[in-house]
């Protein structure tokens, strides 16, 4: 009788933990993006504005204040924008459809360049702080590091299958890519050499780089989500959760390097502790009224410089600004279930 009873108690405890929910932080503002769904998004490194690829093929730059919708950009081809990226400095932004990519000045809204790839299809892109390096990931796994000023082009063949996620260092020297081939690779855009390769048990779905170069993150489609120390590449921690499968659709490190924030296709935002992978709190983003389907993915996250406010962008076309106060211990008690 002891074993079945123990199993029952454990099952009951697990169910209780899974049903628990953290108190959501105070929401300071909400911005609806013209009743459109968002295909892709990025949030500036200081959380002050976001760039959203709309479902009508355009891209919009939104400020998280009374200025709201500021620029509308569109490629000549009229194709759907598949990925967007804001540089770490917030000075430039890049867009890509499946065949073309472009660079834009944030301060003026002017185009800085427009390029067409000869063959293949673009799936992901990333841009360095000053726009001197743009990295493209094609659907076949090949990546291109391109300097728009000099025209220099370096091809990287470290992956054998499609790249699902990209992150670039502020200076453009290093790129972290995650692929369907079960590998996350940190590579050098100047030499094309692999710096670190982290192998997973399934396809890698999300990656992130700490802006100060202290950590890297890679997660697969099952239950392996790891924070790696840099420059040695050793594992700092594994995120602690009960799920057999956990997909992350957005990820960012806090500026002080103490916290890690993830977004999921289930609308969930979670704050983790970098030191031990413990989940500190979690909550769900909102949905616009009468939104269909009745769910949304968290597409992008960005913190203010003091790590006190978080800007989130969702596939429902909704931006939300949260007061999370990461430096206050009272706001960061361990959650009952990550």
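Every residue, even glycine, has its Cβ placed from backbone N, Cα and C.
Under the heading signal peptide, TrEMBL lists 1-20.
Sequence-distant contacts of the repeat 'WD' (156-197) (same chain, at least 6 residues past either end, Cβ-Cβ under 8 Å): 85, 87-89, 123-130, 132-133, 135, 137-145, 203-209, 211, 213, 216, 218-220, 228, 230-231, 233. The repeat 'WD' annotation in TrEMBL covers 156-197 (among others).
The repeat 'WD' annotation in TrEMBL covers 241-282 (among others). DSSP places the residues of the repeat 'WD' (241-282) in helix, strand and coil in these numbers: 0 helix, 19 strand, 23 coil.
Secondary structure counts, DSSP: the repeat 'WD' (156-197) has 0 helix, 23 strand, 19 coil.
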